[in-house]
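*Asks:* Dumping what Swiss-Prot says about this protein:
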type	residues	note
ACT_SITE	K179	active site, proton acceptor
ACT_SITE	H297	active site, proton acceptor
BINDING	N127, T177, K181, R298, H330, S382	substrate binding site
BINDING	K205, D207, E208	Mg(2+) binding site
MOD_RES	K205	N6-carboxylysine
SITE	K337	site 'Transition state stabilizer'
Amino acid sequence: MSQAVETRTRIKSERYESGVIPYAKMGYWDPEYSIKETDILALFRCTPQPGVDPVEAAAALAGESSTATWTVVWTDLLTACDLYRAKAYRVDPVPSAADTYFCYIAYDIDLFEEGSLANLTASIIGNIFGFKAVKALRLEDMRMPYALLKTYQGPATGLIVERERLDKFGRPLLGATVKPKLGLSGKNYGRVVFEGLKGGLDFLKDDENINSQPFMRYRERFLYSMEGVNHAAAVSGEVKGHYLNATAATMEDMYERAEFAKDLGSVIVMIDLVIGYTAIQSMAIWARKTDMILHLHRAGNSTYSRQKSHGMNFRVICKWMRMSGVDHIHAGTVVGKLEGDPLMIKGFYNTLLEFKSDINLPQGLFFAQDWASLRKCVPVASGGIHCGQMHQLINYLGDDVVLQFGGGTIGHPDGIQAGATANRVALECMVIARNEGRDYISEGPQILRDAAKTCGPLQTALDLWKDITFNYASTDTADFVETPTANR
């Protein structure tokens, strides 16, 4: 080897060590790291492959979700790599889960584009979930720094303004989803809307998969639905509404549908989670500019949020959607037909509604969070609930929620209007009992029976659904306390 080659080789080796080096030795593991107020923090539940050290697995997650690749590259020397490397700083074993660990990772704020959920998620969940070194991986929680949150608009309207527009205070908002989801003509669809609103509901809504199919194009549905809204408002003297689903194949189509809804006098439009983060943020910006309420159906979330070992906890989706700017999001019922452990659901609701939250491990909240004055995002409870559960719903979910009774309204034997009346009476009698200081939780069934003595539709509903419960064990439960799912 010539002297010149030897010199170049020596200089190169002094500048950086080439080849494949463990991530922990490359600077992605730092147990002494001092967390900055501006850091984005993420907590992963990680099950490493057999033989993989959990610290190395955590460092690999930090590396592959920030600056690293599988081998050392000389272009690291051209960047402020010590700054831009994510730092895994803590690894804890998961209680009652062998060979599974909580991995805490800190990301410098400059790794992310301001106000871009797509960019944030491209790093945090973009690549590492297919990493061979881990058998399973789940994003459990995140802390968003104040400085980052100030680059997001948050909910366009917020709960307080929505209550003022509806003139509804001191109780949950009451609604229903039109059933059947698919197949109705526009005229019959509008009839369902009118009957439900006339019976006492505040809103009705489209379901996630009703868009603009051959049996009913969106214009027809929007026209007949708003006719029902206006008629019911005139008859009842109350402010009414209907969540018109503007979900479509392209942004151009969604804007067109949302504008049509606005032109018809609607105060709210709806989108589905499956349209993607960029589309959600785009629609949220449109909603704020046009002074519209934006409802989000979480369609598709359980494909990655339900299983405890792999995917993403729904509380992270709640945080991202509050940042993105939606006003409503479906967040669970506890007692309904869909997945929902009581403590986990409480954590979701607190994430959406509180301006500041502390660490609460039983609820799955691993980080304290200051929401930088972003408005509240209203949780929606929907799926398999009925008026006989009203005391449980108010106990678990409180007032700041939209209760959606689909089958529990439209399945009433005496018709849609009767179903709506049963739900309205059940809600109001339970709120009155609570406000009077009664033990409405234990006395709930009797409170409902007493109200039903003067409300035939409520009595019919209680007789029909009195034995309907969904007592299945939740798959996503707290790691730090036993929380059996039961409808008591």
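Placement of Cβ uses the backbone N, Cα and C atoms for every residue, glycine included.
Quick caveat, the model's predicted, so the values are computed rather than measured.
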*Asks:* Which of the three DSSP states, helix, strand or coil, fits R298 (substrate binding site)?
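*Replies:* Looking at the DSSP assignment, R298 (substrate binding site) belongs to neither helix nor strand, so coil.
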*Asks:* Secondary structure at D207 (Mg(2+) binding site) (DSSP, helix/strand/coil)?
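*Replies:* Where D207 (Mg(2+) binding site) sits, the three-state DSSP reduction gives coil.
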*Asks:* In whole Å, how far is D207 (Mg(2+) binding site) from H297 (active site, proton acceptor) when you measure between their Cα atoms?
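*Replies:* Cα of H297 (active site, proton acceptor) to Cα of D207 (Mg(2+) binding site) measures 8 Å after rounding.
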*Asks:* Is any of the recorded positions K179, K205, D207, E208 within 10 Å of R298 (substrate binding site) (Cα-Cα), and if so, which, in sequence order?
*Replies:* E208
*Asks:* How far is it from K179 (active site, proton acceptor) to S382 (substrate binding site), counting Cα to Cα, in Å?
*Replies:* 13
*Asks:* Does K181 (substrate binding site) have same-chain partners at least 6 apart in sequence with Cβ under 8 Å from its own Cβ, and which are they?
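*Replies:* Correct list: D207, E208, N209, I210.
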*Asks:* Round to the nearest Å and give the CA-to-CA distance linking H330 (substrate binding site) with K205 (Mg(2+) binding site).
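*Replies:* Cα of H330 (substrate binding site) to Cα of K205 (Mg(2+) binding site) measures 12 Å after rounding.
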*Asks:* What other residues of this chain sit with their CB within 8 A of the center of the CB atoms of K205, D207, E208, the recorded Mg(2+) site?
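*Replies:* The answer, listed by sequence position, is T177, V178, K181, D206, N209, I210, Y243, N245, M270, H297.
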*Asks:* At a 10 A cut-off on CB-CB distances, which of the recorded positions K179, K205, H297, R298, H330 has the highest count?
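*Replies:* Sorting the candidates by Cβ neighbours within 10 Å, the top entry is K205.
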*Asks:* How far is it from K205 (Mg(2+) binding site) to N127 (substrate binding site), counting Cα to Cα, in Å?
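*Replies:* Roughly 36 Å, rounded to the nearest whole number.
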*Asks:* Sorted by position, what residues of the same chain at least six away from T177 (substrate binding site) have a C-beta under 8 A from it?
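*Replies:* When sequence neighbours closer than 6 are ignored, T177 (substrate binding site) has L204, K205, D206, D207, S382, Q404, G406 within Cβ distance under 8 Å.
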*Asks:* Please give me the CB contact count at 10 A for S382 (substrate binding site), counting all chains in the structure.
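*Replies:* Total other Cβ atoms inside 10 Å, all chains included: 26.
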*Asks:* Give the helix, strand or coil assignment DSSP yields for T177 (substrate binding site).
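*Replies:* The three-state answer is strand.
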*Asks:* Which has the fewest other CB atoms in a 10 Å radius around its CB: N127, D207, E208, the listed binding-site residues?
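*Replies:* Each of the binding-site residues N127, D207, E208 was scored; lowest Cβ tally within 10 Å is N127.
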